[in-house]
Amino acid sequence: MLNRETIANLVLAALLLAVPLAANAFGQPFYVTLATRVAILALAAAGLNLALGLGGLVSFGHAAFFGLGGYAAGILATHAFSGDPLLFGWTGTNQMPVIWLVAMLVAGLVGLFIGLISLRTSGVYFIMITLAFAQMVYYFAISWPAYGGEDGLSILVRNQFPGVNTMKPVSFFLICYGVLITALAFFVLVRASRFGSALQAARQNEVRVATVGIAPYRIRLTAFAVSAAITGLAGALFADLNRFVSPSMLSWHMSGELIVLIILGGTGRLFGPLAGAALFVVFEYVLGGLTERWQFFLGLILLGTVLFARGGLLGLLAGKARHG
Amino acid sequence: MAEPVLELSDIVKSFGALRATDHVSLDLKPGEIHALIGPNGAGKSTLIHQICGTLRQDSGTIRLAGRDIGHLGVAERSRLGLGRTFQVSSLAPEFSALRNVMLAVQAQQGSSFRFFKPVMRDASLIDRSMAMLERVGLQDRARIPAAELSHGERRQLEIAIALALNSKAFLLDEPMAGMGPEGSKVLTGFLDTLRQEAPILLVEHDMDAVFALADRISVLVYGRVIATGTVEEIRRDPAVRTAYLGDHA
């Protein structure tokens, strides 16, 4: 009943849960933070995976959504802390569920707008136009002094979640883990649905989709906006993890990193983003401890993946992806 | 006389100085197979593109079941009942034969904006798709990815998809191309019965098939329809003989 991919997925999910819990039990909060970073990056990449993996939309601008989610969290928390009104007398909030909703809404709406224009192009042009939009957001954040400009914005106290002490690293990890698993469950449902069918078919053959009477543009636009919203949610969590937001979350390096995560883990695979994020953070930690030039070696690994293991880590673990 | 299902009137399309479609008028009546033939470069493909909506005509109108579709996009025309197959098979290669047909059935049933119900547990999609595969004889290959199907099977699959769309008119672009003699024979028999479901505009190079199937034939040369008529009339037409059929017709 269980195929190899399901087993690989369950093992990955269990590992991500077990490692930080064990680290916490042994009094090693650093590893809990590392695992939280994995979960959040995996969530951001899972958002991108919807557009890129299922829809074939190579967005080189998802840092914009990641950063917008981060700024949504930072700005709301700042206002909640200072009591200055933000909009219509609302003084922001430090409640995570509300922050998440705002982050997803903002990222999703901006994604809708960017998608509206960039999805009229394809291929290299799509990559470049999404990059251009993201850089616009980046430079806007740098040049806007109200929320820290180039220096970024600190969140003095981590935002709260009802009934949980979010200052405890392991509690915050569990929140992020829960959000990640929820997002992956959403991904499973969407992938198997009518919408997911149309989206994946549009990646494989746009003409075929139009010929059966489905306009690919609207399908892709919806996927792009939903993808942006999920990546935005990850951004809000990332801001809370670091208790700091800066324009670097919006930069094109971040967009590239998200694509790298997906390629390392396995494009379009459910647990590709998690596998990729785990690899990436482990490399960053292990190689980064050995040499400042760890990204050179990451580059080699990426090259190896693209040349010899196109399915990424999950392709190695579970073989070729299968459709019904 | 019955109303035509598909009607092209006075279609013109130029690419710079080249007039690829030169005042073409053509219709497709209920129950008939209307073959469109012509030498290479006659403008058959350009005309098909205009009927499907991938190219827009410079002037003239295209009507499907009385409705002007000349300004609509590809997806809208398909939804209104234009079912086509391609000269070179165009399928979702990673999807199984079944899922390729299911895509058409889901489009036919209405919205693709359903996010949570798994398609592979949706009996309304699967049953109808299997029925379509059975009609073209692909039921045993339902779970095979389209990329792994043989050339002939991909052709059959395209027809199954067109069937699933409840098409009002079929537009078949060289369905015999690349089929062996045996495959052509089977397909000819199948198309012969298909015309009862909806009329067929058949673009084809295989003259045996055209002469066996067509109720009417139109001959396109340099973008113009030089003759339209029954098989006998076309065989006898002197202009057609010199322009196209040569002496072996």
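Keep in mind that glycine also has a Cβ here, set from the backbone N, Cα and C atoms.
Taken from TrEMBL as is:
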type	residues	note
TRANSMEM	A:37-57	transmembrane segment
TRANSMEM	A:64-82	transmembrane segment
TRANSMEM	A:98-117	transmembrane segment
TRANSMEM	A:124-147	transmembrane segment
TRANSMEM	A:170-190	transmembrane segment
TRANSMEM	A:221-239	transmembrane segment
TRANSMEM	A:259-283	transmembrane segment
TRANSMEM	A:295-318	transmembrane segment
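Remark: the transmembrane segment (A:98-117) makes no contact with the transmembrane segment (A:295-318), by the rule of 3 or more CB pairs under 8 A. With a threshold of 8 Å between CB atoms, the same-chain residues lying at least 6 positions outside the transmembrane segment (A:64-82) that come near it are 44, 47, 90-94, 98-99, 102-104, 106-107, 110-111, 114, 133-134, 137-138, 141, 147, 153-157, 159, 227-229, 231-240, 244-245, 247, 249-250, 254-255, 258. A:37-57 is the stretch from A:37-57, A:124-147, A:170-190, A:221-239, A:295-318 with the greatest number of Cβ pairs below 8 Å to the transmembrane segment (A:259-283). Contact check: the transmembrane segment (A:221-239) against the transmembrane segment (A:295-318) gives fewer than three Cβ pairs closer than 8 Å, residues 6 or more apart, which falls short of the contact criterion. Remote same-chain residues near the transmembrane segment (A:170-190) are listed as 13, 16-17, 20-21, 24, 29, 32-33, 35-36, 39-40, 42-43, 46-47, 49-50, 54, 96, 100, 158, 161, 164, 196, 226, 230, 233, 237, 240-241, 270-271, 274 (criterion: CB distance under 8 Å, separation of at least six residues from the stretch ends).
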